[in-house]
Amino acid sequence: MLLKNCRIIKDNKIIEGDILIDENGRIKKIAKDIKVDDEIIDIKNSLVIPGVIDAHVHFRWGEEKKEDFLSGSLAGINGGVCFAIDMPNNKPPITTKELFYKKLEDCKKDSKINVFLNFGVTENNYLGTVEDAKAYKIFMVKSVGDLFIEDYSKLKDILNQNKLFCIHAEHKDVINENLKKYQLNSWIDHCKIRDEKSEVEAVKEVIKNLKIIDRQSNKKPHVHFCHISTKEALYLIKKVRQELKNIKITVEVTPHHIYLNKDMAEELKGFGKFNPPLREKDDNIALIKGIVNKDVDIIASDHAPHLLEDKLKNVKNCPSGIPGIETIVPLTLNLVNKGLISLFDAIRVLSKNPAKIFNINNKIEEGNLANLTIIDLKKEGKINAELFKSKAKFSPFDGWEVKGFPIYTVINGTLYEAYGCKC
C-alpha cells in the first residue's frame, strides 16, 4: 500500500513525500514520488503523525456490557488512536499475575489496536514484578477490591523501586472529611466532596516520599501522575521536578479537565461526573498553559464507558467516568486551531511524549511497523456520539463544533477510516 501526497510530521518538521507500506505492515520506503504497482491511497496533503497513544483507558474487561477489547479498540481506530494502555481496576482487579495474563490473552485475541496493560499495586503485592506490564498503577483512594493504598505510610517502600508508577492522586482522608460536611444531593456536591484539596494533598503525600527516596536511596522510580486537574498540583509538581536528582516525574491531563469546569456541572449532569471531578475555569487555563510550557507531558482520555441508563441516574447512583478515546484527537487539534497550543505541542502530548514515557515505538521510520494517525487539521465538524464505535454512545462534547479531525488510522500497516471521514 502506498500513501500518496503525505505531509509527514517528523522531528518537529513537516516533510512532504509518500509512504510505502509492505505486505508485513512495515514502512518500506519514505520518499517523494514513489512509483509502485500497488494499492494507492491519495491522502491529499493531510498530515501524517506518529500513531497517537492514549495512555489511560478502561476497556472494561469483565464488564462487557459497558465495553470490551473489540468495541474499545474499534473506538480507538475511529478516534485516530493506534495504541492504548488499559487500567487494572477491573472486576476482579488485576492484582495477580494469573489475572493479568488472563486479561492479556483476551486483549491479544480481541483488540484491533495495540493495547498494553497496567498492573494494579496493593499493600501486599507491591514488591512483585510482571514482565509484560507497561506500568504499575497506584490508587490513593478506594477503587475495586484491594486495589487501593489505604496506609499512606507504606508509600515510601512501594515507590522505592526502579519501576514506572501511574498514580491516581486523590487523598482519601480529605474526601472522608468532606463526606462529613456535604451530602451528595447535587452535581456540584460531587466536586465539593472530591475537591481541589484532595488532589493537592495526595500530590504532596507522594512528593514527600519521593524526596526521602531521592535523598536516601539509589533507586530511580518514575512517577507518572494521572489526570492532574488543578493548577496548584501542577505547580507543586513543576517545583519538585527541579529539585529531584534521581527521580523522574511526568504529568497527564485529560481533555475534559481542559474544556469543562464547575460552572457546567448542573447542565452536564451525569455526563460531567468523573474522578477527579470538574474544577474551576482557572484550572482549565492552567492546564493549557502547562501544555505550552511543557509542565504537562501528555494528554490521555481516561476513557471510562458506562451504560447510558446508568449515566442518566441521579447523582447518588450515577457512576463516575465518560468515554473519551474517540474525542481525544479532535479536542486536542481544536486547541491548535484556537491558537492555544501549537501543532507540535499537540503531537508532543499525543504521540511523542507517551512513546518516551511508556517505551512504545511509534516512530515514522523505514523498517518500523506502520502505526500512523492521519489528520485533517482544517476539517470542521460536530462531535456526534451516535457515530461512536464505543458501546458508550454519549459524551459531554456531543454536538460541539470543533476543527481538526483524524481521517485515517493505520494499525500495523492496515488502513482504516477514522471519525473525520464520517462527520
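We number each residue from 1, going along the chain as drawn.
Yeah, the Cβs are placed from backbone N, Cα and C, and that goes for glycine too.
Among the candidates K137, K220, K382, the one that Swiss-Prot lists alongside H56, H58, D302 as binding Zn(2+) 1 is K137. Surrounding the centroid of the Cβ atoms of H56, H58, K137, D302, where the record places Zn(2+) 1, the chain contributes additional residues within 8 Å, namely V57, I85, D86, M87, N89, N118, C166, H168, C226, H227, A300, H303, A304. Taking CA atoms as the reference points, D302 (Zn(2+) 1 binding site) and R60 (substrate binding site) are 12 Å apart.
Cα proximity to K137 (Zn(2+) 1 binding site) (within 10 Å) is found for the following binding-site residues from N89, H168, H227: N89, H168. Non-local neighbourhood of R60 (substrate binding site): K66, E67, D68, G72, N90, P305, each in the same chain, at least six residues away, with C-beta under 8 Å from its C-beta. Candidates N89, H168, H227 (binding-site residues) were compared with H58 (Zn(2+) 1 binding site); those inside 10 Å Cα-Cα are N89. Distance between Cα atoms for H56 (Zn(2+) 1 binding site) and H227 (Zn(2+) 2 binding site): 9 Å, as a whole number.
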